Structure formats: C-alpha cells, structure tokens
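Handing you a structure now.
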Amino acid sequence: MPSAFQLQCHLVLIFLAASKGETRYLEVRDAGEDDPFLLLSEDLKRELSAGQIYRRSLRCIDMLSIEGQFTFTADQPQLHCATFFIGEPEELITIHYDFVNIDCHGGDFLKVFDGWILKGEKFPSSLDHPLTTSQRYVDFCESGNIQRTIRSSQNVAMIFFKIQVPGNGFTVTVKKSSNLFPCNVISQTPSGRFTMVIPHQHRNCSFSIIYPVVIKISDLILGHLNGLFLKKPSASCAGVGDFVELLGGAGLDPSKMFPLADLCHSFHGSAQMKIGCDNTVLRMVSSGKHINRVTFEYHQLDLQETETRKENSIEEFCFPSI
Amino acid sequence: MKIPLLVSTGILLVALLPCQECRALSKSPAPAPGALHQPDFFQQQQRQQQQQQTLPVLLRMGEEYFLRLGNLHKRPVGSFSSSSSSTSHLQPEASASNFFRAAVQQLQQLPERSLGNREDGEAEGEAVEREKRSEEPPISLDLTFHLLREVLEMARAEQLAQQAHSNRKLMEIIGK
C-alpha cells in the first residue's frame, strides 16, 4: 500500500526533522508579553507614537538605557566626558549623529566605542570581540562624513567626547534593535535570570554583573545529543572544548579576572555560588561543534548572606566591596 | 683603600648615568591629547619613554585626588541645572564631577604636547603620527564601580519613569 507507506515515511521524516531542529532553543513569547502596543489598533498606535520621541540634554558623565534624542551643549570647556549606553541583554545599541558642532582641528573629539572601557579594561575583552581595539573606536573627526550611524555588537556602548569651546556640542539619536543570540552582555540590574545560547558558533560569550551576587546555574547543556552517542564525562575540564567558567574580579575585562569555577559537563539542577567581587562574569567557551546553553539566575549578595552558609554553596570568593 | 674607591666610583656612576625614572621627576611631558586614563603601561613595552615617565605621576595624582575629594557633596556649578533627578542622586554625580575637575586641573598643569611636530616629508610624518596614535593607549574613563552603579541606577530609574509615562498615556488613550 504505497499511500500508507508514503504517509509513514512522511511521519518519520517529520519526526526526525523535529527532533534535530534547532528552533526548539528559541523562546517564542506571547504578543502581549513585552509589547502591549501589538494588541492595539493602528489608529491607537499612531496616536500613542505621535511625539513619543524622548528628548533630554546630556551631562558630562551620563548613562542612557532608553531610546531617544540626546543633546550635549558645552557651557564651559569639557575635556573628559563620556556617555554610557546600555540596553536589555537581547538588544543592540544604534547611535546616529543628528548634529555635530565640534572643532576637530582644535583638538575636540567625539568617539564611539563598541563596548565599555573603564580604567583601560574593556568589555567585551579583546579575546571575545571580533574587532581589534582600534577598530572598536569610531572617531567622528576621521569618519563622521562617511559613518554617521554606528551599531554596537552587544548591549553596551559608549561615547567619549572633548569639547573646548562653550556653545559647541552634538545631538545623537539612540535606537535599539534586537539580537537573537546575545553573546556579550552587561546586566542592567543586580538580579535577574538569563539563558545564554551559542548555536554552532566558535566564539566565547560573557555575561557580566557589576555587583556582588549569588549566582545559581540551573541548567547547563554542553554539546548536542545526537542519537545514542553521549560524551563520556572526563575527570576535569582540561582538553574539553566547550565549558562554562565563573570569573570574579575588580575590573571590567573578563580576561583579567580570576577563574572561580569551571563547568564542563551538562547537568540539570542547581549549582550555586556566592561571589563577593565587584564584577561577576559567567563565560561560555564554545568550539562551534555543538549547541551550548546555560540558564542561570542571580541576585545581589547581601552582607547578612555572607554569614549564613546554605547547602549547595560552593564557596565564597572576594570580600564584600562595601 | 680599594673598597672606598670602588664605593665612591659606584656612587658616581649611579649619580651620573642617564636614569629614565629620575628624568620623570624633573620633566613631565604632556599626555596624548584626549587621554583620560593610561592603562597599565608596564604591560606595553612599545610605549615611548616619555609617556612611560608621565603615567605614574598622572595615576598617582589622580588616585590621590579621588581619595581626598570622593566624599565631597558640593554641587558643581552649572552642570546639572537641567537634571530632574533628586538631590540624593546628584551627590555621586557631584563626586564624579569633582573628581574629573580635579583630574582635569592636574592634567592642565602639564605642558601641552604639540600636535604639529612633523618630520621631513609629510607622508613620512603622517605615517609616524599614525603609528604613534596606534601605539597610544586607548581612551578610557577613570570611574569606580561604585559611581558606575550610581549612574546605572539613575538610568534605570529614568527608564522606569519613561515606561510609567507611556503606560499612563496608554491608559488615557484606552479610556477615551
């Protein structure tokens, strides 16, 4: 019976395709979960978005986490200024120069940096970013006429500027776009939950929390189960291509932080660690041969928590920074 | 007799030999224009000697000033007049601003390095300038994590306020 056989073959093919498909790692959200505007009619959306562009003036040292149009005008010579941009983990930052009035030949500058750099330490580190350090700086004075829109590679970016003549300044528009597989992230909040997925990519990704935290890893999948073949767990992480490491330190650069723990075997459960460092980073190293995924949650470490030890707590590292 | 002679010869040699570190104390060339912070220059062996000499002075002075001025609560003039943040949020900004004002004053006391020094041949000079620029430390910011968290929390508060405003407007529209 050819038609029944065909139907069975189709069913088998569908089953195999479904079991091998990568789309099960994507989380599909409800329409109204994040953006209630999707539930509105077009007229209502138009009425709501009219005049919705957020505008304000920038300070010399500032941080922005929302879209809008921002203007800086120097009321006095401003020689050392910077604006930090940060978005949600799954967002990328786009900066567009609307208007720039600076004296490049007189020594003024306006530079966008792809990431954050603090005290010479960069995030993402040079090891985890596709561009060289010099390429990560986009200087308006050198390339402003050519490149007026710059997009970051992760959820953070910053601009440095020096304006010596009062009255000079600039206006930028900040927008955000979505990033399907966030790789390098700085958390906006000291508490949260995140799932990092690296699908068949040879890259290293870091998730940075600039607070002392208790971090709990609930789900770790390293490698992809292909049929009946399972990786034999080895005694240590040495020689294993894909692994997750926890880092702690006082700077921004993950490559200069102290390794606290290595996880190189898949598990489903709860592994908790208290890290009292100024910066905690969860870094996943991926060879590109597999699909790797790690789910974790974190919350700020209180001083009282350091006195009581819970079960499953590996150990305490760093001292409270307060 | 020989030992005192050797000792005095050694002392004379130490005193008269060119000493890079010693030169730093007597002459301080200006840093690269726009350099807010020089990262650890000991790790970068290709830097020019002049920059290496000035870096410790800048870092030490910057750190000392930050330690002394970090708890100041005075409000800087004209910087935050347009801010709608509460006063409590301005204090860390005031500290950051005071720190940068102090750091700026220290940097301004150093003699400016002339940007127009060019060797014979414009093309050669430009190539040398580009090389120097590529060897210069990346522009960075000297901000502590404490201040970074303060501005981060201010940004977060601004985002929540903006979200609340949007929600309020949405409710008004829906209510019509």
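We count from 1, first residue shown onward.
Any Cβ shown, glycine's included, is placed from N, Cα and C.
According to TrEMBL:
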SIGNAL    A:1-21  signal peptide
DOMAIN    A:52-177  domain 'Corticotropin-releasing factor binding protein N-terminal'
DISULFID  A:CYS60-A:CYS81  disulfide bond
DISULFID  A:CYS104-A:CYS141  disulfide bond
DISULFID  A:CYS183-A:CYS205  disulfide bond
DOMAIN    A:185-306  domain 'Corticotropin-releasing factor binding protein C-terminal'
DISULFID  A:CYS237-A:CYS264  disulfide bond
DISULFID  A:CYS277-A:CYS318  disulfide bond
Going by Cα-Cα distance, pick out whichever of the disulfide-bonded residues A:CYS81, A:CYS205, A:CYS264, A:CYS277 is nearest to A:CYS141 (disulfide bond).
A:CYS81
Go through the disulfide-bonded residues A:CYS60, A:CYS104, A:CYS141, A:CYS183, A:CYS205 for me and flag any whose C-beta is under 8 angstroms from a C-beta on chain B.
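Listed disulfide-bonded residues meeting the cut-off: A:CYS60.
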Including all protein chains displayed, how many Cβ atoms other than that of A:CYS141 (disulfide bond) lie within 10 Å of its Cβ?
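Neighbour count, Cβ to Cβ under the 10 Å cut-off: 15.
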Considering the disulfide-bonded residues A:CYS81, A:CYS277, which residue's Cβ sits among the greatest number of other Cβ atoms within 10 Å?
A:CYS277
Counting across all protein chains shown, how many other Cβ atoms sit within 10 Å of the Cβ of A:CYS183 (disulfide bond)?
24
May I ask for the distance between A:CYS60 (disulfide bond) and A:CYS104 (disulfide bond), taken between their Cα atoms and rounded to an integer number of Å?
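Rounded to a whole number, the Cα-Cα distance is 18 Å.
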In sequence order, what residues of the same chain, 6+ apart, have a Cβ less than 8 Å from the Cβ of A:CYS205 (disulfide bond)?
A:ASP128, A:PRO182, A:CYS183, A:ASN184, A:VAL185, A:MET196, A:ILE198, A:ARG283, A:MET284, A:SER286
Within 10 Å of its Cβ, which one of these disulfide-bonded residues (A:CYS104, A:CYS264) has the largest number of other Cβ atoms?
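Result for the most crowded candidate: A:CYS264.
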